[in-house]
Amino acid sequence: MDVKMSYFMVGVRHSGRTTELCYRERNYSKNTLRKAAHAWKRILELRLSEEEASKLRFYVDEPAYTDLHWGMFVPAIKGQGTDDQQQKWLPLAYKMQIIGCYAQTELGHGSNVQGLETTATFDPRTDEFVIHSPTLTSSKWWPGGLGKVSTHAVVYARLITDGKDHGVHGFIVQLRSLEDHRPLPGITIGDIGMKFGNGAYNTMDNGVLRFDHVRIPRNQMLMRVSQVTREGKYRQSDVPRQLVYGTMVLFTCSLLCTSLLTLPFGLSFNLSNLISSWTEFTQTCFMHLGGGALEVIDYKTQQSRLFPLLASAYAFRFVGEWLKWLYTDVTQRLQANDFSTLPEAHACTAGLKSLTTSATADGIEECRKLCGGHGYLCSSGLPELFAVYVPACTYEGDNTVLLLQVARFLMKTVSQLGTGKQPVGTIAYMGRIEHLMQCRSEDWLKPGQVLEAFEARAARMSVSCARNLSKFANPKKVLLVDGFAELSADLVEAAVAHCQLIVVSKFIEKLQQDIPGEGVKKQLEALCGIYYLSLLHKHQGDFLATSFLTPKQAALANDQLRALYTKVRPNAIALVDSFNYTDHFLGSILGRYDGNVYPKLYEAAWRDPLNESDIPDGYHEYISPLLKKQLGSARL
């Protein structure tokens, strides 16, 4: 941590995933606003760069309106606004003179962006757009920062000119007065209410928004790609549509890089946080069997549930490093007007977002169960971690919908195999489709053979889906929509296989680089083996169905997996501690570095507000009459 960041940490108390967020009242309060304001003050005082400021805001570790201002509002203007619009709005946003959010999702429309109902009708008489919510389901619903804080929003609405619907476009709309913060005329706005968990995202003011014929100037339509003239004519600009599409892909990639790569951020943090909470705790737990004591973590049933998650933390870390390279590569290509890799980049970011967030959310719940009853306590940190993380499976794209987007990319790739167009990048294996459809494994535990096993599985599942889809085509070979819908479950599985192949390949590539220390490399090799063998065990049916592996080889894989658990066990704590998270940052009594769990659990119980008095509130009205058989006089 550099000097600037260390200085900041002295000034801001890290909120942590502690019991303070798990008490019985909603924690969206002045405290959330205070932390965000203090973070902004430090950013100005320390003159932090945009990257440094992003890291600093994360250390507050509490969802707040600033997440959407910097993460969605500003990028939307940068990606979709003209040069003039950027010159007008970005300085105001960068100085926090306006606070923005991203108002796309509606009460009745989430992933179905093309189904949005909010309208923006151009009035040529006044040179204005009229923003309106024609139905209840057109109410904007969920945008973070909208409920109580944002002064402006990028609102997505159906553009209508001269009675013609041109589809969904973005508009900058002021929501609240910059003088007294009250909603402007025609705008109904508020918070959507308590969400999952006691703390978690309840520090974020997710909002509801309705428009009643709200007028905005024409130049507040984001017009980098599409424009409306003073006369009300709709036209395309000279900017390639792929450039804006590429900007949004880069934005998604940037978000994924942040969550996967930068410690102590994102998935690596979440997995190692929950693993810390469990492995440190189980070091202190023993089961007595046959007169002897055995640490809980030494049981293979426990290792088989925990160690694949530890391996996933490292796997996601390494694929995050690759995503950072992908981000740089796509950026350079866009600057040169090279859009050739955009479809692949979109498929990678969409698929890996789905794969990694689902795996992490499931892993958090698995570790809560592994901690027994203690994992259900807020002081364990796990309930808060679960509640704050699981929204990632649906926000910024529902995970199943994203996998279907990956599947479309794969089906298109398969359809082009006979055209002479050579697949490259993460789909290069498709270029060896004939070999992969016929090959069989020999010494498949070698890295090259393992990779080919995952390639064969992914290729054969994609080809199988493509063949089945062709049965739904009409005589003109036009693919019918209902075919894709009918096979959607199979397509999702094919997309998962492709994404798992990417993660496995990047883990193996990492091991082929220079890694300091022979012992470190051996542990990473063991973790890599655990990662791909646990996937093979979980999806054994896929590998056997594609005939790349025999049942005997699959059984040997399970034997090897158990051996790797034994190899990793002595270093499990060290492998988690290598992420270098302090007790303060983890905010978990069960994950304490000193292992002093039970005394601290006991102390935490007495800090609960219910224990401030021996006699509970309501005793005299309801408990005492019951005990004294005086319920007739109780105030029921």
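Residue positions begin at 1 at the first shown residue.
Glycine is no exception: its Cβ is also placed from the backbone N, Cα and C atoms.
Predicted automatically and left uncurated, TrEMBL annotations should be read as such.
The domain 'Acyl-coenzyme A oxidase N-terminal' annotation in TrEMBL covers 30-99.
What TrEMBL records for 101-203 is domain 'Acyl-CoA oxidase/dehydrogenase middle'. For the domain 'Acyl-CoA oxidase/dehydrogenase middle' (101-203), the DSSP-based tally of helix, strand and coil residues reads 10 helix, 45 strand, 48 coil.
Look at TrEMBL and you will find T105, G144 tagged as FAD binding site. In sequence order, K140, W141, W142, P143 make up the list of same-chain residues 6 or more apart from T105 (FAD binding site) whose Cβ falls under 8 Å from its Cβ.
Per TrEMBL, transmembrane segment is recorded for 243-267.
For 294-411, the entry in TrEMBL reads domain 'Acyl-CoA oxidase C-alpha1'. The average pLDDT the prediction assigns to the domain 'Acyl-CoA oxidase C-alpha1' (294-411) is 88.
Annotated active site, proton acceptor per TrEMBL: E396, in sequence order. Cβ neighbour count for E396 (active site, proton acceptor) (all protein chains, 10 Å cutoff from its Cβ): 17.
Marked as domain 'Acyl-CoA oxidase C-terminal' by TrEMBL: 447-628.
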* Structure fact -> Cβ-Cβ distance under 8 Å, sequence separation of 6 or more, same chain as G144 (FAD binding site); the residues meeting this, in order, are P63, Y65, D67, L68, C101, Y102, M204, D205, N206, G207
* Asked: How many helix, strand and coil residues does the domain 'Acyl-CoA oxidase C-alpha1' (294-411) contain under DSSP?
  -> 101 helix, 2 strand, 15 coil
